[in-house]
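Here is the structure we will look at.
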């Protein structure tokens, strides 16, 4: 039986998942998105050509791969059409290879308006959302008033449901936030324009994946964002609105957890975060600037500058516990080139001097702890583009080994550059 692999982020997102999914899809037949929306930004570089995908699974650039958007994804019809057009203009066939669950909640203009209005009202306490309507769409889903892809296929019923939910949200927009109302006819017409296009791509995702599994076809599940942004396990409330952890596969794609064979955790050799929220190892100094500049740390979705800091082994151990991670892919090792010494956070010290090896459960708990560091020597040799482990400096090998010891998980893949070829594969998830 072929292997079913989950690829997910273990930090606050932006770990390099897109490249890794693209690298590994040479042996996958299906690639599935199971949570999030077009707030994701997965960057792929193939033969020097850069592609950024927000909604369509990264496997779309492989001719033999079928891509699926599962029910756990909140789907913006407008974003999907733009992404499809971008790919098709570059000669990538999309419509015949992309399948969508009719249970996907829709992101419509009023979700975006609510998202922007809320962040504006929060002022200095803004969460740092992408402003793309992700959170409000998930809220409607949980409140059982959300419109889904399947609703588009009956225009009369869709219009009635839209009017009801839009009345609620327009009241909030105008009376509470003092913003303009979202136009009903414009929203309805925009949705109906894409109904037939979406209908042609709809499948029963659970049944499709079950048949693929029984046929022995390898399936890859592509996570978005990262473990520390999980709605339940992240630095709440500075989190996203979906389950970014491995449990999201079962709920967001209808694929039973016992069918999963390997969980690949993508982790940077340092740490970054976009937007507000706790960040114990953040560096507001020359080293932090080095990481940001050399690592090109700007969000693929928002363009915002990412905050940078040292590797946090405490947070990483929690990611291992939650996700049952089989192996790591360590990315951006080359960004550490040239640093004389490196720091690894191995504990959090509280106000009484007690050192803990588990993170707080909520954001305000981080105000009461400080990181405890272990120092390791850096290296001056260039690791960019190295494709053999023996080609790495000894100090880099030692760093990798120490991360393995601290987390209890092997590093199976090392990424040394953005291109799919700039990679050291010590053990493929398909051969583990």
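Cβ coordinates come from backbone N, Cα and C, glycine included.
Bear in mind that the values here come from a model prediction, so they are computed numbers and not experimental data.
Swiss-Prot names 14, 15, 16, 17, 39, 40, 41, 42, 130, 144, 225, 304 for binding IMP. Of 206, 235, 240, 245, the residue it gives for the same site is 240.
Working note on the recorded positions 42, 304: by count of other C-beta atoms within 10 Å of each C-beta, 42 ranks first. Closest by Cα distance to residue 43 (GTP binding site), from the recorded positions 14, 130, 225, 304, is 14.
For the recorded site, residue 42 (active site, proton donor), the DSSP three-state label reads strand.
A count of other CB atoms within 10 A of each Cβ picks out 225 as the most crowded of the binding-site residues 43, 130, 225. Residue 19 (GTP binding site) has 42 nearby among the recorded positions 39, 41, 42, 130, 225, 304, counting only those with a Cα within 10 angstroms of its own Cα. Secondary structure at residue 19 (GTP binding site), taken from DSSP and collapsed to helix, strand or coil, is helix. The Cβ neighbour count for residue 41 (Mg(2+) binding site), using a 10 Å radius and every protein chain shown, is 21.
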